[in-house]
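*Asks:* So Swiss-Prot has the following annotated:
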BINDING   G12, M13, S14, G15, G16, V17, D18, S19, M38, G127  ATP binding site
ACT_SITE  C103  active site, nucleophile
DISULFID  C103-C200  disulfide bond
SITE      H128  site 'Interaction with tRNA'
ACT_SITE  C200  active site, cysteine persulfide intermediate
SITE      Q346  site 'Interaction with tRNA'
Amino acid sequence: MVDNSKIRVVVGMSGGVDSSVSALLLKQQGYDVVGVFMKNWDDTNDDGVCTATEDYEDVKKVADKIGIPYYSINFEKEYWERVFQYFLKEYKAGRTPNPDIMCNTEVKFKSFLEYALDLDADYLAMGHYAKTMVDENGVTHMMRPKDGNKDQTYFLSQLTQEQIKRVMFPLQDLTKPEVRRIAEEAGLVNAKKKDSTGICFIGERNFKHFLSEFLPAQGGDMVTPDGKVVGHHAGLMYYTIGQRQGLGLGSTKESTAPWFVVGKDLEKNQLIVEQGYDSPRLYADRLQASGMTFFTGNPEEDTEFKATAKFRYRQCDVGVTVKYYAASKTADVYFDEPARAVTPGQALVLYNGEECLGGGNIDAAFKDDKKLQLV
């Protein structure tokens, strides 16, 4: 029988209820648990309050309550170089990035994992809602968790086998209400603390205002696909494919249908808009993705397979056929049915039933072999 007390687990503690309960459960299971708070961003809010300081106070209270040592580590430099610069580069190129995925890949499960191993940890644990399973060959697979509503495999989709084999997800068989109940019964100070939302380095701040601090906005024309000017945009980086809100456009003599963003022309600095949710320009039958990573290891040869996919968080899976090219780690992904608002810069995540296979970054979308969106 395995003696858990000889297995050291470093838990990434954010000050939130999920990571706190993860630490509590591991402690109850007899592991040698060490809590570590990561500071990735100088996140002083608009009131001049550093929210990281408040979160660390919660970490200290929880760690003291459950009886584990705790530390704080600063990864602001790594975050700035590997995540935030990528975020700015993508927006500057007219794409809509997902920095949370890059943060997991480059900071939480890379720099932080290396730090945990330096503390002689056998495993790193997080408060993510995800599940791992080890097969008879010792290969670790990423699976959907019990709580499908909180499933975070989308954000973990670009991790490698070397990373996930060292990770534990204590919440994998729990729902969020169950986690809160455990926290309340244990008397944890953050049992009712609200979940963090949005991009971690923006927090509750206005997105446009935040982005304009780093990327000067350049306004331009809103045009229809045939070039008619119908309005003015505040900067291409503020809009995403399929967006309806915030365009400031009313009905026309021809139609009362709402307007949607259907493309961007970077050379002309034009935002392309069209009326109607079902605009053909919003529907793709294929996408191209790069940086493909598979949890169980990338195939060494070109391969074709059926799967289901998400190309945005909380989206229902859609059926796809994947053509993977081993040399370039790229893929052509063909949709079983035309897919709406496939957005360059976002993540493609592949599934086979309950298993998350991996994913990559969307480079372009196509309809009848014609590139959409002009980005």
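Any Cβ shown, glycine's included, is placed from N, Cα and C.
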*Asks:* If one measures from the C-alpha of S14 (ATP binding site) to the C-alpha of H128 (site 'Interaction with tRNA'), what distance in angstrom results, rounded to a whole number?
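*Replies:* Spelling it out, the Cα of S14 (ATP binding site) and the Cα of H128 (site 'Interaction with tRNA') are 11 Å apart.
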*Asks:* Output the one of G12, G16 that, of all these binding-site residues, has the highest number of other Cβ atoms within 10 Å of its Cβ.
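*Replies:* Compared across G12, G16, the most Cβ atoms within 10 Å surround G12.
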*Asks:* Just to verify: the residue among M38, C103 with the fewest other Cβ atoms within 10 Å, which of the recorded positions is it?
*Replies:* M38
*Asks:* Find, among the recorded positions listed as S14, Q346, the one whose Cβ has the highest number of other Cβ atoms within 10 Å in the structure shown.
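*Replies:* It comes out as Q346.
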*Asks:* What whole-number Å value do you get for the CA-CA distance of Q346 (site 'Interaction with tRNA') and G16 (ATP binding site)?
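*Replies:* Cα of Q346 (site 'Interaction with tRNA') to Cα of G16 (ATP binding site) measures 26 Å after rounding.
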*Asks:* List the Cα distance (Å, whole number) between M38 (ATP binding site) and H128 (site 'Interaction with tRNA').
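*Replies:* Pair distance, Cα basis, whole Å: 15 Å.
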*Asks:* Within its own chain, what residues at least 6 apart in sequence put their Cβ under 8 Å from the Cβ of H128 (site 'Interaction with tRNA'), listed in sequence order?
*Replies:* D18, Q152, F155, L156, F169, L171
